[in-house]
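Working notes, structure below.
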Ligand SMILES: O=C(O)C1=C[C@@H](OP(=O)(O)O)[C@@H](O)[C@H](O)C1
Ligand SMILES: C=C(OP(=O)(O)O)C(=O)O
């Protein structure tokens, strides 16, 4: 088969001629948008999402819900339709929940949120729902969701690998109850079961049995968003047992939600300020959030920057020096590629720990970062659960991206400081940030 021209296309990563000084409006959060879509689809009344992210992952989620009978109207709104609701302008999606139905086909692409959050929804549909996706989606762990749903009463046909492709034979309802899940390979197993649980006959009690649990902030995001639509959730943090979450059955409210900017997608722009000794402002940075990207304020400060959270947003300033860091990224794994890129440009070595599960993300991120940074002259080694990065003088070359949006943005960060870096398939950023090339060149004043 001839290679796909967009996948082999090379994008010359812009080199920064000086300190960047820009305001970057970062589009909405993938994780919030896809949770909000699921919760709105399960609600007992219509709801609104304002400033949703429009990207491959969120359009796949919307398309899948539509395939199961949910109506999602895309409008440009000028104000809230709900008295006392937020007054916002921009794009809005109105979600009209209906009886979920099959037969339907769901394309998950390579979206972890779609492949994990929707099988529990499909158990509530009246008919079979077929799940398929990109070749990589067949390799990403799904067994935790499939096994748990079977134990909660679902009928699922897979090829016995506990992975995609598969068919969920929705029976219009699911018993629910108590279930053990080893979510050490993905926090999304827990989030998936909790999100649909208010609609299970007995709700759910999820007991995580694995030795580690990544991405806890993303589970907190699930719990917060469930509570915001009226669900009753007991968590380890609200006085419950460690590693146990309980959701009581009940109707969900249709809400009017404005989606926060995606703080993990703000990362390359903050990194640009850090590595060029410049300044980047990200408007609407939330004062309180469950997004893991909020940890960048602390991590990039330790690496040499400083930040101020104002009413307008986050002002992040680089000092001209970039330091290495020794950090456990288990809670914020999706930040690893961008931190590795900055660490490769630092004045001292770094150790990134707690992220073994990244081997099963969009690509094997530990192997990909090691190979691509080393091919530019770097010195990165993989450890059992992360990376050692010893900064070296880097040179130009092709930075391969393995259809991983965060590999593409990591390569762009390196390209700011190293002339002649070419990013393969920058279009892969469309997974969560289709406007990346334009936002990046706009930031650089090009
Ligand atoms: O629930 C979510 O929205 C996410 C959870 C995390 O997944 P893992 O726990 O599989 O790392 C994160 O890496 C992913 O980008 C988004
Ligand atoms: C791991 C990621 O995505 P997914 O939701 O596909 O797991 C990510 O965006 O870094």
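Here the Cβ of each residue, glycine as well, is placed from N, Cα and C on the backbone.
Unlike curated entries, TrEMBL annotations are predicted automatically.
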Among 54, 161, 390, 406, TrEMBL assigns to the phosphoenolpyruvate site of 30, 112, 140, 188, 365, 431 just 406
Using C-alpha positions only, work out which of the recorded positions 35, 187, 334, 361 is nearest to residue 140 (phosphoenolpyruvate binding site).
361
Across the domain 'Enolpyruvate transferase' (17-438), the model's average pLDDT, rounded to a whole number, is 96
Considering Cα atoms only, can you say which of 35, 215, 334, 361 is the nearest neighbour of residue 188 (phosphoenolpyruvate binding site) among these recorded positions?
215
Which recorded positions from the set 35, 112, 334, 406, 431 have a C-beta atom lying less than 6 Å away from ligand 2?
112, 334, 406
Cα-Cα, whole number of Å: residue 406 (phosphoenolpyruvate binding site) versus residue 35 (3-phosphoshikimate binding site)?
21
